[in-house]
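So the structure is just underneath, and the comments pick up after that.
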Amino acid sequence: MANSSSLKEFLLLPFADTRELQLLHFSLFLGIYLAALLGNGLIITAVACDHHLHSPMYFFLFNLSLLDLGSISTTVPKSMHNSLWDTRAISYLGCAGQVFFFLFLVSAEYSLLTVMAYDRYVAICRPLHYETLLGSRACVKMSAAAWATGLLFSLLHTGNTFSIPLCQGNVVEQFFCEIPQILKLFCSDSYFREVGIIVVSVCLIFGCFIFIVVSYVQIFRAVLRIPSEQGRHKAFSMCLPHLAVVSLFVSTDMLVYLKPPSVSSPALDLVLSVLYSVVPPAVNPIIYSMRNKELRDALKRMVQWI
């Protein structure tokens, strides 16, 4: 039995037991991490420096890249450090920090994706009101609201989680500290405090999901009414990257949190956690740059200038 007040560290789940596989994990994660840093860093720099990209859509993309950089930097470096030095330990404060920052950044990203759905809805369905509804001040306020929502969620969950006594040891069955795994260490009589907060959070998350779905139903109805094929293609090119990012974000989260308990295992949870915490930040820049000619041109100009 371990009391949270006297607990000094947690033990994370290793990817491998042999030294060769540990070094392979370190190399793979290093490659993914560098790709995420490069891709998101290029988008951030291009949007900040190229005046052609000073529009609401790219302002939100700038914020999305910041959040992706933060989320992958919260989990991957510590996992690489543990594999390189053949250890599983993370300090109590380090674990609390991982929970806080990861939940903050992921919650803010989901809120921002909801705001970006509204941006696409106004651009396609109400183009004449676009500059009025999405002026610079409105964009800053919506972006700040997304970040503030993530901060509020994170403070609520992290504060509640680490104020509950732990009775089931200190082994976290995941490669980073996350609330569902820490829940398993709670004393049974304290478990439902965090579960209640999670239920409220799920309701709010579901509300955002419904908003995104309704927005895209309206968007596709408007796009199909566009008479020219070129106009429809341009509208789809604006929306498909965001829709792909939302689909990747939601599907990977659903795989992790809604899978049946009967198919749960440490190895499967480890693989799924990589899919939702490591893959999206590395893939999102590719998704946005593939079908976006303006962004590709800005990146080419930036590379040529360098």
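Note: Cβ is positioned from N, Cα and C throughout, glycine not excepted.
When averaged over the domain 'G-protein coupled receptors family 1 profile' (39-288), pLDDT in the model lands at 85. If you look up TrEMBL, you'll see 39-288 marked as domain 'G-protein coupled receptors family 1 profile'.
Residues or ranges marked as transmembrane segment in TrEMBL: 23-46 (among others).
For 89-118 (among others), the entry in TrEMBL reads transmembrane segment. Same-chain residues lying 6+ beyond the ends of the transmembrane segment (89-118) with a Cβ under 8 Å from its Cβ atoms: 4, 7-12, 57, 60-61, 63-64, 67-68, 70-71, 74-75, 78, 82, 142-143, 145-147, 149-151, 153-155, 157-158, 161-162, 172, 176-179, 182, 205, 208, 211-212, 215-216, 242, 245-246, 249, 277.
Positions annotated as transmembrane segment by TrEMBL: 138-156 (among others).
Under the heading transmembrane segment, TrEMBL lists 195-217 (among others).
Taken from TrEMBL, the feature transmembrane segment covers 238-258 (among others). Residues 57, 64, 109-110, 113, 116-117, 120, 123-124, 180, 209, 212, 216, 219, 223, 269, 272-273, 275-276, 279-280, 283-284, 287-288, 290-292 of the same chain, all 6+ positions outside the transmembrane segment (238-258), place their C-beta atoms under 8 angstroms from a C-beta of that stretch.
According to TrEMBL, the feature transmembrane segment maps to 270-290 (among others).
Most Cβ pairs within less than 8 Å of the transmembrane segment (270-290), among stretches 23-46, 138-156, 195-217, belong to 23-46. Nonlocal intrachain contacts for the transmembrane segment (138-156), taken as residues 6+ away from its ends with a CB within less than 8 angstroms of a stretch CB, comprise 56, 59-60, 63, 99-101, 103-109, 111-112, 114-115, 118, 197, 201.
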